[in-house]
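Visitor: Input: one structure, supplied below.
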């Protein structure tokens with residue numbers, strides 16, 4: 001799965017073509033340079049890098065995928081990348097999943113890796129994943145790289161179906177700053193070495209795999225939010241009582257992306273007025289006169305007006321770093337959750353000097 005940004009990086013364009021074949025045997029990743037907005041030279045560089053890897057591994061060139069993350073608009077330093085890559089391929093060293101997660105970090109403060117075992121009949125398979133991402137995460141992934149690997153024997157169609165469904169429930173439910181990257185990529189590779197009977201869509205073992213995959217990607221997604229650039233608080237924005245789930249998602253995402261809401265949370269300010277303002281410009285039609293808002297279990301808005309509990313709400317900030325904002329539209333059964341974080345001076349500092 002790839003970014004929905006119209007401006008796509010060279011590795012994204014290359015991978016989008018190569019995955020049509022349904023087979024991938026290697027992924028080569030670089031951090032520090034996005035290889036985006038780099039014209040034909042950027043695409044040629046991505047192809048050359050994948051060629052170096054595929055030739056060394058004796059695999060077909062179109063089965064090597066490429067991913068990049070970092071500064072946009074700068075050509076890859078091929079004079080440095082090629083010899084380093086050739087050296088690594090000529091002298092392979094056993095490394096852990098955590099090492100790989102560390103190697104792809106940019107503004108992340110810690111590596112993100114998760115692994116689970118899954119029982120399919122008499123066989124035990126492993127599903128593991130790494131991710132990077134601490135900023136530009138919204139909407140629908142964005143500067144997020146995630147790589148899932150498993151030795152489970154699973155049909156290509158089933159793997160794609162599970163990945164699509166799970167990403168929508170995990171990475172597509174987080175936001176840090178509302179920006180959308182040119183590079184976000186989620187890839188899943190399965191080699192079948194676990195020896196189980198092949199899993200097919202909706203067949204035996206499919207749901208078990210999907211559940212495990214969702215656990216893994218949700219854990220990684222929440223890690224990304226908690227590692228949001230400069231973040232000090234983890235926030236769940238929960239909307240209930242909307243007319244539809246789609247409306248609920250739009251309302252929750254609007255609140256989660258509001259700079260004013262996020263800065264108020266950082267300042268431990270129970271400023272519910274900013275939440276009401278945000279849902280008001282969300283584009284969703286609702287009656288503000290019946291809306292209730294809670295900070296954790298403290299009612300701060302009742303029927304669209306202040307509930308005079310601001311002092312109690314402020315105490316919520318003093319007790320913990322995790323906050324749940326619940327917005328009840330009182331119009332139907334639609335509901336949604338979006339996970340986000342606060343916005344601090346450190347976010348400004350990190351991004352003001354990103355290229356320095």
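In case you wondered, yes, glycine gets a Cβ from its N, Cα and C as well.
In case it helps, TrEMBL gives these features for our protein:
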| type | residues | note |
| --- | --- | --- |
| BINDING | 106, 132, 143, 229, 351, 356 | substrate binding site |
| ACT_SITE | 143 | active site, nucleophile |
Visitor: Out of 106, 132, 351, which of these binding-site residues shows the lowest number of other CB atoms within 10 Å of its CB?
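Guide: So among 106, 132, 351, the binding-site residues given, the one with the fewest Cβ atoms within 10 Å is 351.
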Visitor: Please classify the secondary structure at residue 132 (substrate binding site) using three-state DSSP.
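Guide: Looking at the DSSP assignment, residue 132 (substrate binding site) belongs to a strand.
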Visitor: So for residue 229 (substrate binding site), how many other CB atoms are inside 10 Å of its CB?
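Guide: Looking across every protein chain shown, the total is 25.
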Visitor: Is residue 106 (substrate binding site) helix, strand or coil when read with DSSP?
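Guide: The three-state answer is coil.
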